[in-house]
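Student: Sharing a structure, written as structure tokens. Questions coming.
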Amino acid sequence: MLIQKIMVIGAGQMGSGIAQVAAQAGFQVIMQDIKDEHLSRGFKGIEKNLARYVEKGRISEEEKEQILARIQLTTELTLASEADFIIEAVTENMEIKTQIFQELDRIAKPEVILASNTSSLPITEIAAVTSRPGQVIGMHFMNPVSVMPLVEVIRGLATTDEVYQSVENLAKTLKKTPVEVNDFPGFISNRVLLPMINEAIYTVYEGVATPEAVDKVMKLGMNHPMGPLELADFIGLDTCLSIMEILHDGLGDSKYRPCPLLRKYVKAGWLGRKTGRGFYVYE
Ligand SMILES: CC(=O)CC(=O)SCCNC(=O)CCNC(=O)[C@H](O)C(C)(C)COP(=O)(O)OP(=O)(O)OC[C@H]1O[C@@H](n2cnc3c(N)ncnc32)[C@H](O)[C@@H]1OP(=O)(O)O
Ligand SMILES: NC(=O)C1=CN([C@@H]2O[C@H](COP(=O)(O)OP(=O)(O)OC[C@H]3O[C@@H](n4cnc5c(N)ncnc54)[C@H](OP(=O)(O)O)[C@@H]3O)[C@@H](O)[C@H]2O)C=CC1
């Protein structure tokens, strides 16, 4: 099917990033969220990124305006009936995602692929609530979407080869590098990354060192661009906790138990950069 219009569900840090790269690649984009203020915050983020590209001479002011004009904002999920491809990027919660997939399955054209940007939830389980499991797939972008080249493409148990191929092609059209992954908790990226972040939180919890010291060791000693606690704040501590819970439940090994300090911060509403406080405090 020829893809002209892409719908992105969720206008948070990931949804808005995906909407940006899709509009930059020339697609018409519908960005949907439940709240108007999330839509305007997401759109402002896109405007800011594009303004920087204009300043750096990568695109013209006119191109910036054309990209922005391709993005339609809505709180109505029913606009899914107009889309040729749908990617969901809402909160990392199975109940919310399955409810959305059930509705999308009802509203979207029968031939449309339904992708999820989930960090770790089983694609097979999301697919099973729809009447088109062969057309459900994981398309996992990295944060920040406009900068990071990787997209993990996750095959659910029923995902067809044709659907996989379309999504791999779409990732390339969006100027990303796809990597094929089978459906297991955390896929590759978060099965490897999140236990490191969780262990970094344990070192703070057990009084081994301060967050600043842990991050300094990983940046100066291992050449990581961000320390693990800085990165946890950037990802969102609620998302980090959800991923650790999925690894713990899904793989059944105690080595994946989420650090109690991570739980405590999430309960306190200290979710990292997006709420102004996590392991660090943000202006
Ligand atoms: C949880 C999951 O499911 C999966 C995940 O996504 S895990 C998270 C994966 N991401 C990472 O690991 C990111 C690790 N951090 C980094 O790579 C870097 O710190 C970074 C790219 C974010 C910033 O790079 P930096 O060199 O420290 O800073 P800086 O020079 O300011 O930025 C480099 C570029 O990124 C852009 N950038 C930085 N933060 C950005 C953001 N939040 N949004 C958009 N663009 C951003 C900058 O504008 C700059 O762009 P130009 O080169 O066009 O000027
Ligand atoms: N953060 C990261 O580094 C990465 C995250 N991901 C994944 O991407 C997804 C989104 O994460 P992220 O962007 O960080 O999260 P955010 O919290 O920034 O954004 C999620 C957005 O979805 C909205 N939302 C919640 N329920 C619905 C709904 N029913 N319909 C429409 N919108 C809804 C939220 O609104 P409200 O706040 O009101 O609930 C919020 O605006 C998650 O699955 C996450 O695991 C993938 C790669 C990296």
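Using N, Cα and C of the backbone, Cβ positions are placed for all residues, glycine too.
Sequence annotations record features per position, and here TrEMBL assigns NAD(+) binding site to Gly10, Ala11, Gly12, Gln13, Met14, Gly15, Asp33, Glu92, Lys97, Ser119, Asn143, Lys274. Under the heading domain '3-hydroxyacyl-CoA dehydrogenase NAD binding', TrEMBL lists 5-183. Feature annotation from TrEMBL assigns domain '3-hydroxyacyl-CoA dehydrogenase C-terminal' to 186-282. Look at TrEMBL and you will find His140 tagged as site 'Important for catalytic activity'.
If you look at the structure here, what lies around each of the features I listed?
Tutor: Taking the Cβ of Gly10 (NAD(+) binding site) as reference, residues of its chain lying under 8 Å away and at least six apart in sequence are, in sequence order, Gln32, Asp33, Glu88, Ala89, Val90, Thr91. For the recorded site, Gly10 (NAD(+) binding site), the DSSP three-state label reads coil.
Across the domain '3-hydroxyacyl-CoA dehydrogenase C-terminal' (186-282), the prediction's mean pLDDT works out to 98.
His140 (site 'Important for catalytic activity') carries a strand DSSP state (E or B). All chains included, 25 other C-beta atoms sit within 10 angstroms of the C-beta of His140 (site 'Important for catalytic activity').
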Student: I need the CA-to-CA distance for His140 (site 'Important for catalytic activity') versus Met14 (NAD(+) binding site), whole Å please.
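Tutor: Cα of His140 (site 'Important for catalytic activity') to Cα of Met14 (NAD(+) binding site) measures 10 Å after rounding.
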Student: Please list the binding-site residues from Gly10, Gly12, Met14, Asp33, Lys97, Asn143 whose Cβ falls under 6 Å of any atom in ligand 2.
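Tutor: Near the molecule: Gly10, Gly12, Met14, Asp33, Asn143.
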Student: In sequence order, which same-chain residues at least six apart have a C-beta under 8 angstroms from Asn143 (NAD(+) binding site)?
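Tutor: Long-range Cβ contacts: Gln13, Met14, Gly17, Phe234, Ile235.
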Student: As a quick check of your reading of DSSP, tell me how many residues in the domain '3-hydroxyacyl-CoA dehydrogenase C-terminal' (186-282) are helical, how many are strand and how many are coil.
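Tutor: Output for the domain '3-hydroxyacyl-CoA dehydrogenase C-terminal' (186-282) reads 66 helix, 3 strand, 28 coil.
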